[in-house]
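A.B. asks: Reproduced below are the annotations present in TrEMBL:
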TRANSMEM  B:6-30  transmembrane segment
TRANSMEM  B:51-73  transmembrane segment
TRANSMEM  B:79-97  transmembrane segment
TRANSMEM  B:109-133  transmembrane segment
TRANSMEM  B:139-156  transmembrane segment
């Protein structure tokens with residue numbers, strides 16, 4: 001291994017950095033708590049609870065596990081609950097974390113759905129929801145903007161064209177997701193592979 | 001809809017969709033909109049925008065907009081079916097892949113695939129923003145509110161919840 005690759009990982013691990021693996025109930029409660037705290041995204045709260053508060057994983061282990069969940073399809077934080085729980089406590093731990101993450105907010109959402117079905121046409125509620133919707137779209141645009149900045153800085157034309165292509169195909173032409181991704185994923189992987197080889201050569 | 005059991009339609013729709021939801025929940029919103037509003041007519045344009053707003057305002061993963069769609073289709077069983085169909089298949093996939101990859105030898109391909117998926121998921125999220133804006137920002141005031149929130153959220157670290165509540169206040173005041 002070269003000296004410049006992740007020097008922190010070379011240091012001897014502190015055995016005291018790890019807390020003993022939690023029980024199933026503790027896992028369920030921890031994920032329920034981070035889920036209910038997680039307005040506008042659970043990830044920040046998950047990281048705080050798992051790394052800082054409970055010390056179930058080191059920061060490096062967390063990043064590594066999250067990278068995997070980010071690369072797989074589906075809701076990342078849900079994947080993360082299953083993977084984290086199972087790393088700590090086997091498949092039962094995975095199920096406990098998964099249930100803890102999803103059960104309380106699902107109950108809340110169902111109650112909200114019932115309220116919406118009954119009162120969704122009330123004028124005041126309509127207006128409030130319209131205002132919240134506008135703000136929610138603004139937040140989404142901000143997230144897209146922040147994610148796009150590194151790509152814009154690198155001015156990677158091929159990557160930007162790929163991004164624009166997916167945007168037009170889904171957002172403007174409204175083509176089915178599967179069809180678009182079945183073309184876009186192989187193309188993007190191919191392009192990325194070729195660019196890596198060019199850089200390496 | 002009589003020819004097809006709505007619960008099964010929810011399960012097959014969201015189960016399949018979750019496996020293609022590259023880049024998380026926000027990237028799947030255009031497809032949810034296409035299926036729920038355009039293909040099956042489960043919801044109106046307005047109801048979908050409301051569902052997105054409610055999901056943003058509520059605690060928990062934002063993917064739970066599927067709970068609201070499921071409820072609109074088939075009540076409480078629909079809400080549960082949609083939620084599990086969207087969340088369980090990929091969580092199990094993640095479980096098996098994480099076990100496979102726990103040997104560090106083949107770490108090159110995940111990194112490469114992850115890099116390749118980044119522009120695609122940004123494109124998908126931008127498409128979400130466009131589709132939602134088309135149903136939400138129908139007045140100049142609404143468009144301005146969206147633009148304002150986008151700018152403030154881009155340049156500051158303010159908690160998103162405050163911006164959502166501010167939006168609700170503007171709506172309550174009848175400005176948008």
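For all residues, glycine too, the Cβ spot is worked out from N, Cα and C.
TrEMBL annotations: computationally assigned, not manually curated.
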A.B. asks: Within the same chain, where does the transmembrane segment (B:79-97) have neighbours whose Cβ lies under 8 angstroms from its own Cβ atoms, ignoring anything closer than 6 residues to its ends? I mean 6 or more beyond.
C.D. replies: 7, 10-15, 17-19, 21, 63-64, 66-71, 73
A.B. asks: Under a Cβ pair cut-off of under 8 Å, which of the recorded stretches B:6-30, B:109-133, B:139-156 contacts the transmembrane segment (B:51-73) most often?
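C.D. replies: The stretch with the most contacts is B:6-30.
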A.B. asks: Report, as numbers and ranges, which residues of the same chain sit near the transmembrane segment (B:6-30): CB under 8 Å and 6 or more residues beyond its ends.
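C.D. replies: For the transmembrane segment (B:6-30), the list is 40, 52, 61-63, 65-66, 69-70, 73-74, 77-78, 81-82, 84-87, 89-90, 93, 117, 120-122, 124-125, 127-128, 131-132.
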